[in-house]
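J.: Have a look at this one before I ask anything.
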Amino acid sequence: MVAYQALERFAYFGVAANLVNYMTSQLHKDLVSSISDVNNWSGVAWITPILGAYIADSHYMGRFWTVTLSLLIYTIGVVLLVLTTWLKSLRPKWNSKASNLQLSLFNLSLYTIAIGSGALKPNMSTFGADQFDDFNSKEKQLKGSFFNWWTFHTSCGALVATLAVVYIQEKVRWECGYALCAIGFLFSVIVFFLGTPLYRHKSRNAKTCHEKDFIRVILLAFTNRNLQLPTSPSELHEFDLQHYVNSGTRQIHHTPRFRFLDKAAIKESKNAACTVTQVEGTKLVLGMLEIWLLMLIPSNFLAVEMTIFVKQGTTLDRGLGQSFRIPAASLWSFLVVTMLISLPIYDTYFVPFMRRRTGNMRGITLLQRLGAGIAVQAVAMAVCCAVEIQRMNVIAQQHISGHEKIVPMSIFWLLPQYILLGIADTFLMSGLLEFFYDQSPEEMKGLGTTFFTSSVAAGSFLCTFLVTMTDKVTGKVSGKRWIGNNLNDSHLDYYYAFLFVISLLNFGAFLWASSGYTYKKENTLELESPL
């Protein structure tokens, strides 16, 4: 499974890492629209998991066959991308804009990839986690490490893509780089299907639609709004534990959050009462939604890394020695390397060290892990702002104005912000994926995982909105855009300062929300209580 993830992420990031440069240099689009196009494409790739998870969780196809169909769609997309960049008739001529047909076919290939990869995201990580038996305490502990190593292999694929593929795209031919992505993806498909005889397939309760339960709980609680809640939660409607054991499902204990929803489980209701487990499942979704909203700002930074940072890097001195120039998109590999170093340290040393002190199986709670990542992100944005101020000072001293002029300042000035964001992502990426998987109701694991993917999608769309609005407003108000086609005559430092301020405000809101969050408590007999 993790080998598949490394190869598939190699293919995906081989397309994504340098896409903004391809649009500006090969399709000859302006910077703001290119950033918006990349973010919108990325947003679709991270929002379509909702559809894939729904199909898998609602028993139309099951997780394995949903993955199979998604791989087929993905394959069509990468083959079409190679054709649109390789065939002369389908790519623009040198120094001329792409025709409407060429743009349409290129976008079709990208969005086919987005749909295929999007449908895979929630199902692959969930399918991998399903290979561990929660009723076995040793396997349950290994599941916590699974998400760290899943992210580790994601980073491995991204690292090779940002180093090898990006270099081939810029120094050899763009189409050769995309062909290499297609080959990597086809290998990932082979690796996945080779493991078919070994996979565990979790049985699902096909008679229950948990999405309908979610809506029914809210409607029934509203219908019963005038009824009095009993003094003890034990007086609410609930099946005995044996019912859940016989049905192969999990009983969820009552929690004090969102007390209004408990009215859906009042036995005296004129309508058939919901069970406490159904009510608690709805509470879990609402609690995750609260955390999801607070992940929009951190997810926005993921889009910034892949777009604005790359174009900022193209303005700096990328020379290494006499003849070698570092592709700007390859600097993102330092973020990935930081994660590759940090994740094993976190899983091998930090978690056992903290486990002995806190008694928590994960070392620290899931929300503490996310909070640490958000805090490091805020520090990273302060560094981004400081480095950009230095770049603007050099521009002023050297009287640089043209957009093609290289600022006599090494691209390695950007290194600290990449390293800090790599540390932040070590806490955030696998931590966020594990949080939404762990806290979602048992029969909604796929849709729970889409909380993670949709937060990344929303962050991409938010980045598009912020960049577009900032460009329009600052252009009208001050006449000098914060983000323009010519970054040597813009105020990117102001934009970074703006991101730093909103990240601090978001961190404060996260601390407030996490302090009142109640973790899921299941009764599964042999299982230990989740942390």
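Placement of Cβ uses the backbone N, Cα and C atoms for every residue, glycine included.
The following feature annotations were taken from TrEMBL:
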type	residues	note
TRANSMEM	64-87	transmembrane segment
TRANSMEM	146-165	transmembrane segment
TRANSMEM	177-199	transmembrane segment
TRANSMEM	291-310	transmembrane segment
TRANSMEM	330-349	transmembrane segment
TRANSMEM	370-390	transmembrane segment
TRANSMEM	410-437	transmembrane segment
TRANSMEM	449-469	transmembrane segment
TRANSMEM	494-513	transmembrane segment
J.: Going along the chain, which residues at least six beyond the ends of the transmembrane segment (177-199) come within the CB cut-off of under 8 Å?
T.: 1, 3-8, 10-12, 14-15, 18, 64, 67, 71, 74-75, 78-79, 81-82, 85-86, 127, 131, 157, 161, 164-166, 168-169
J.: Using Cβ atoms and a strict cutoff of less than 8 Å, what residues sit near the transmembrane segment (370-390) while being 6 or more residues removed from its termini?
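T.: Hits for the transmembrane segment (370-390): 291, 295, 298, 301, 312, 364, 409, 413-414, 416-417, 420-421, 423-428, 431-432, 435, 492-493, 496-497, 499-500, 503-504, 506-507, 510-511, 514.
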J.: Can you work out which residues elsewhere in the same chain, 6+ from the ends of the transmembrane segment (449-469), have a Cβ less than 8 Å from its Cβ atoms?
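T.: Counting only partners 6 or more residues beyond its ends, the transmembrane segment (449-469) has Cβ contacts under 8 Å with 32, 35-36, 39-40, 42-47, 49-50, 52-53, 118, 121-122, 125-126, 288-289, 292, 295-304, 307-308, 432-433, 435-437, 440, 483.
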J.: Short question: which residues 6 or more past the ends of the transmembrane segment (146-165) have a Cβ under 8 Å from it?
T.: 1-3, 5-14, 17-18, 125, 128-129, 132, 177, 180-181, 184, 329-330, 332-333, 336-337, 339-340, 343-344, 346-347, 426, 429-431, 433-434, 437
